[in-house]
Amino acid sequence: MSYVPLKNDVFLRAALRQATPYTPVWLMRQAGRYLPEYKATRAKAGSFMGLAKSPNYATEVTLQPLERFPLDAAILFSDILTVPDAMGLGLSFGEGEGPRFAKTVRDEASLKEAVFDLNQLRYVVDAVASIRQALGGKVPLIGFAGSPWTLACYMVEGKGSDDYRQVKTLMYSRPDLMQGLLDKLVDATIQYLNAQIDAGAQAVMLFDSWGGVLSHDAYLRFALPASQRVLAGLKRIGADGQRVPHILFTKGGGLWLQEMAETGADMLGLDWTMDLGRARALTQDRVALQGNLDPMCLFAPPAVVQAEAIKVLDSFGRPQRADGSWGGHVFNLGHGISQHTPIEQVAALVETVHNHSRTLR
Ligand code: CP3
């Protein structure tokens, strides 16, 4: 496979703590329901999974936000729950509802039955290759997967949860089964992300969306080591011979930043509860940081959005250190963008990040 040269490598440079002319920005869930064109394509596809399973539709919606805003990265359009689906759990999304699995994993028998088959995720690999070609080197493409712990939450609960009662019951009463499930997910996720890298993903991100619901002890015993094993198994060089940064995002992970910085990840994603300056002091620029504007801030008037974005940039501070070396900051929201977000606010946000961050060089 031959690739056209990348025109905008600012995101990759920031993730690897290299010099950048401004702070790059992309938004979690940037392709999604706040965009009318996304809703139109989703209607054509019939359902969310219809969209995700078609490489053509997935390519179309991945590119939609880039046509509206000068974002510095694209993210594969898919979902973290494709992996349990490819273990035979039967994923569906009802209209206006969250995800649901037809089967759950709660005992030995159901754990044994859950066998990952990478061939069932051919549609994702094909989407990655198609999106990479369609981007034509405009910006890099981020691939992603859910962390083993976060996937385990959905597999045990069978859907989203308010209290994680089922998955925590299993974790506390049958830690051996929990570990068995995490082991399977570690293997599956390594295969899955390496297939995305081989197909052309230029960075990969592990979403540990529910790591933050665990106790300190349980996070360090179950969630973090599983993510670390995934990271250790990932390719570092992509299909084009370039370095592929590895990103670890733990929602609610501010308490464990120092431990997360030791996992081998190149960049840590942060939710909005953590101050970036404090995060930087704790990690000493050993990793780049990604985040972390509160997505709900986008409902305030434009002047507030601008002021809050500037606060995030200023809290990270000048990326270049006194000794000439660089820290890395990639601007993002602290979690996915809300479907109710006014589009003009996103345009104002991206412009503010690009303009203000130039004054920090
Ligand atoms: O960021 C992007 O633009 C890439 C696409 C992406 C989606 N899901 C598309 C999506 C990514 C990276 C995800 C990750 C994901 N999926 C996570 C981790 C990130 C996070 O939010 O913490 C999680 C926990 C999921 C599971 C999931 N998928 C839920 C809980 C839901 C329903 C929530 C909702 O907003 O309805 C989804 C569905 C989903 N995944 C949508 C999109 C655009 C909305 C579905 C629709 O169009 O109806």
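Placement of Cβ uses the backbone N, Cα and C atoms for every residue, glycine included.
Here TrEMBL flags 24-33 (among others) as domain 'Uroporphyrinogen decarboxylase (URO-D)'. Long-range neighbours of the domain 'Uroporphyrinogen decarboxylase (URO-D)' (24-33) within the same chain, counting only residues 6 or more positions beyond its ends whose Cβ lies under 8 Å from a Cβ of the stretch, are 10-11, 14, 39, 42, 61-62, 64-65, 71-75, 77, 142, 330-333, 335-337, 339, 346, 349-350, 353-354.
If you look up TrEMBL, you'll see Arg29, Gln30, Ala31, Gly32, Arg33, Asp79, Tyr154, Ser209, His335 marked as substrate binding site. Sequence-distant contacts of Arg29 (substrate binding site), defined as residues of its own chain at least six apart whose C-beta falls under 8 angstroms from its C-beta, comprise Gly336, Ile337. Look at Arg29 (substrate binding site): DSSP puts it in coil.
Residues or ranges marked as site 'Transition state stabilizer' by TrEMBL: Asp79. Proximity of Asp79 (site 'Transition state stabilizer') to non-local residues of its own chain (separation of 6 or more, Cβ distance below 8 Å) is seen for Phe48, Ala52, Pro99, given in sequence order. In the three-state DSSP assignment, the secondary structure recorded for Asp79 (site 'Transition state stabilizer') is coil.
Per TrEMBL, domain 'Uroporphyrinogen decarboxylase (URO-D)' is recorded for 142-158 (among others). A Cβ distance under 8 Å defines the sequence-distant neighbours of the domain 'Uroporphyrinogen decarboxylase (URO-D)' (142-158), meaning residues of its chain 6+ beyond its ends; these are 26, 73-76, 78, 80-81, 83-84, 87, 89, 99-101, 103-106, 114, 128, 164, 166-167, 170, 178, 181-182, 185-186, 189, 192-193, 196-197, 201-211, 213-214, 222-223, 226-227, 230, 247-248, 250.
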List nothing but the one residue from Arg33, His335 whose Cβ has the fewest other Cβ atoms within 10 Å; the candidates are the binding-site residues.
Arg33
Among the recorded positions Arg29, Asp79, Tyr154, which have a Cβ atom lying under 6 Å from any atom of ligand 1?
Arg29, Asp79
Mind looking up the mean pLDDT for the domain 'Uroporphyrinogen decarboxylase (URO-D)' (24-33) in the predicted model?
98
Counting only residues 6+ apart in the same chain, whose Cβ is under 8 Å from the Cβ of Ala31 (substrate binding site)?
Tyr38, Val61, Thr62, Gln64, Pro65, Ile75, Phe77
